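The structure appears right after this line, and notes come after that.
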Amino acid sequence: MKHLTEEQKLTLDMVRDVATREIAPRALELDEKSLFPEYARDLFAKLGLLNPLLPAAYGGTEMGVLTLALILEELGRVCASTALLLIAQTDGMLPIIHGGSPELKERYLRRFAGESTLLTALAATEPAAGSDLLAMKTRAVRQGDKYVINGQKCFITNGSVADVIVVYAYTDPEKGSKGISAFVVEKGTPGLVYGRNESKMGMRGSINSELFFENMEVPAENIIGAEGTGFANLMQTLSTNRVFCAAQAVGIAQGALDIAVRHTQDRVQFGKPIAHLAPVQFMVADMATAVEASRLLTRKAAELLDDGDKKAVLYGSMAKTMASDTAMRVTTDAVQVLGGSGYMKENGVERMMRDAKLTQIYTGTNQITRMVTGRALLFP
């Protein structure tokens, strides 16, 4: 495991302070009222955190995957929805970074430089295309100097608030995975219709929207890469995203563990703090062990991505699976440690438990990530 640089340490100290002072006090309200974290968006923009992977060539800070993973862990510790804001922002930018032409990058990436508050989204999931993304029904037909897109997407994070959306659609359905293309779509494009924002179990401070495309015309120059390269582009983005999901999950688990530990030291039963009870000690020990193991695996995956190592896909899938399962288990155990208090909203752990569930689902369910891991090991 690499030692953190002084710059990374300073960034983390700053993020930890912001998370504790500015983000944590707002977490309960975001959850209860299902509010989009506009305050965090504006604050991150001023601090240079909203677009951490934006290349320096386009005015960005280009922090790297490991640094962003560390940031997401700190944010996830106090408010998973706010961490998801940065993950969604990165999701909509990575496809352009990975596959966009120099002209496309110049036209769009530079808009996110400085203190820009513009938001992005990635639109791939459909009602009939979740784990099986090749089942998507959205179509893009070339007509002269434009593409006409028809179809719909669902559960799109940042969907209704994004200024720039990367949309995946079939340009040649007969070619399967090599028939999918990706397009940059701007907010306000005629034919882009917004459906409902979903009411969710957890991560309620994040917006997930339905999007409909009704003869939506997109300039041909807005295609990302060549026709048919969209699926490979999407897989590359998801491989990176899984590490960020893992980091977020580690943060959620750490936050719940911190609350549980404090409670065991303060809560007195049978004449002494419950920290003295062996069953409680065993629970906390297992929780802490799982959190630290997940943290180390996640950081290893992030380092491999930064190094361009081919094993990053394998480690990213393992990290996402382990960290999200850990988050679900640790938050559930934290509720148990707190007992009746844990079931009440004011203590935060029940929110963390609801938030943790999503980490087992998005960027590929844990069943899918186990398949990715198994295939990478058995069919290298």
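Any Cβ shown, glycine's included, is placed from N, Cα and C.
Per Swiss-Prot, cyclohex-1-ene-1-carbonyl-CoA is bound by Ser131, Lys178, Arg242, Arg375; the candidate from Thr120, Thr189, Thr229, Thr363 named for the same site is Thr363. Thr157 is the residue from Thr157, Thr332 that Swiss-Prot records in the FAD site together with Leu122, Ala124, Thr125, Ser131, Thr365, Gln367. Taking each of the binding-site residues Lys178, Arg242, Arg375 in turn and counting other Cβ atoms within 10 Å of its Cβ gives the largest count for Arg242. For Leu122 (FAD binding site) paired with Asp91 (active site, proton acceptor), the C-alpha to C-alpha distance reads 6 Å.
Cβ environment of Thr365 (FAD binding site): Ser131 lie under 8 Å away, each six or more residues apart in the same chain. Compared over the binding-site residues Ser131, Thr157, the count of CB atoms lying within 10 A of a residue's CB peaks at Thr157. Between the candidate binding-site residues, Leu122, Ala124, the densest Cβ environment within 10 Å is the one around Leu122. In space, Thr363 is the closest of the recorded positions Asp91, Lys178, Arg242, Thr363, Arg375 to Thr125 (FAD binding site), judged by Cα positions. Of all the recorded positions in the list Asp91, Ala124, Gln367, the shortest Cα-Cα distance to Arg375 (cyclohexa-1,5-diene-1-carbonyl-CoA binding site) is found for Gln367.
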